[in-house]
């Protein structure tokens, strides 16, 4: 974020949804907030009480009449003086209000995520809470919302702060042994106890990282790929799952040349289903590209649905891939004698078997995600720093032939890596990346 250090500026932005709307909310934060009130409203409302006022330009023209709320520092979202103006959500009204605010000295439009970045800078939240808020805003399913809310509630911060304090305490014991080994009030040797404590902490962090894999699936979604020969009914199945006509259905083989993807919400879990080009030998350059893309997507899938027309000659061939594969017999309404080959039999013409397949997909997704714990790493950034923490802990535990000073330094580095997750230690270079994920006005 450019010039983020200029906290002397007062920032403003539309923080509500797309215009036009019933109500539009403009948020303001910074040292000029009271001046904005004096200029636009000719009054400063009572803190944290809604006031109905007329908003005016500097020459006195009325812009709109609406509610406003004033949140004095430090008891506000950003920790600065903040205000909200609730206007009618017409495009002209909002544009005029933003233009008037932009003309005031010391005021400028906020950059993406700048309100939240100021909240972080003023100690109102840590980085994990900020990331949780970003995920909460982006959440599209109930499962994603619950996961984001766990993070935004501070569960991660509590856990990482506890682990960091344990490392600091362990290091203090080692340094006490180094500095006061000759003193009578220092236990003879605490090293063995410290290494046992660090070993237990290492196992806790490893378990925590493992739980993060399921959280990543919930945050990013599961991927299901539909494959099969041309005219096996792949596009018809995709249209059923999507609840609308996404793919073109034709008797002509090879109609689908590229990947078609729809997003489903199965029990609160995001599931991306991809229709692919029919797998067959072909001389068509375009169709070959589509088949190559299909195979590439299969390699990334969590589940592959391999479809074959039950009414024709049976020639079930499943390509070797790591993902779980279900054999699906299609066009069940036309008959077929090899029913024992298929995990499910479906007909998009009659609807036979489709609900059972959908239920099975939801059960698969729920089993894959499992039970998400209260505090889990939700970003690759978290996992990388947790692995770095483990690496330093292992060096400290296994460094029997090293001086205690060096092992204490490993413990200091481990606690520093944990501090970088929450933003307590040396994170300036990643702030732009994190806060750029927010929309303007948040």
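Every residue number used here counts from 1 along the chain in the order it is shown.
Each residue, glycine too, has its Cβ placed from N, Cα and C.
Annotated features, as they stand in Swiss-Prot:
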BINDING   27, 84, 124, 442  (6S)-5-formyl-5,6,7,8-tetrahydrofolate binding site
BINDING   231-236, 250-256, 275-278  GTP binding site
BINDING   235, 256  Mg(2+) binding site
DOMAIN    221-366  domain 'TrmE-type G'
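Separation of the C-alpha atoms of residue 124 ((6S)-5-formyl-5,6,7,8-tetrahydrofolate binding site) and residue 235 (Mg(2+) binding site): 50 Å, rounded to the nearest whole number. When secondary structure is read from DSSP and collapsed to three states, residue 234 (GTP binding site) falls in the helix class. Rounded to the nearest whole angstrom, the C-alpha distance between residue 277 (GTP binding site) and residue 27 ((6S)-5-formyl-5,6,7,8-tetrahydrofolate binding site) is 48. It is 46 Å from the Cα atom of residue 27 ((6S)-5-formyl-5,6,7,8-tetrahydrofolate binding site) to that of residue 235 (Mg(2+) binding site).
Sorting the binding-site residues 27, 234 by the number of other Cβ atoms within 10 Å puts 234 first. Between residue 231 (GTP binding site) and residue 84 ((6S)-5-formyl-5,6,7,8-tetrahydrofolate binding site), the C-alpha separation comes to 57 Å. Every protein chain shown contributes to the tally, and the Cβ of residue 277 (GTP binding site) ends up with 27 other Cβ atoms within 10 Å. Each residue in the domain 'TrmE-type G' (221-366) has a pLDDT score, and their mean in this model is 78.
A Cα-Cα distance of 51 Å separates residue 84 ((6S)-5-formyl-5,6,7,8-tetrahydrofolate binding site) from residue 234 (GTP binding site).
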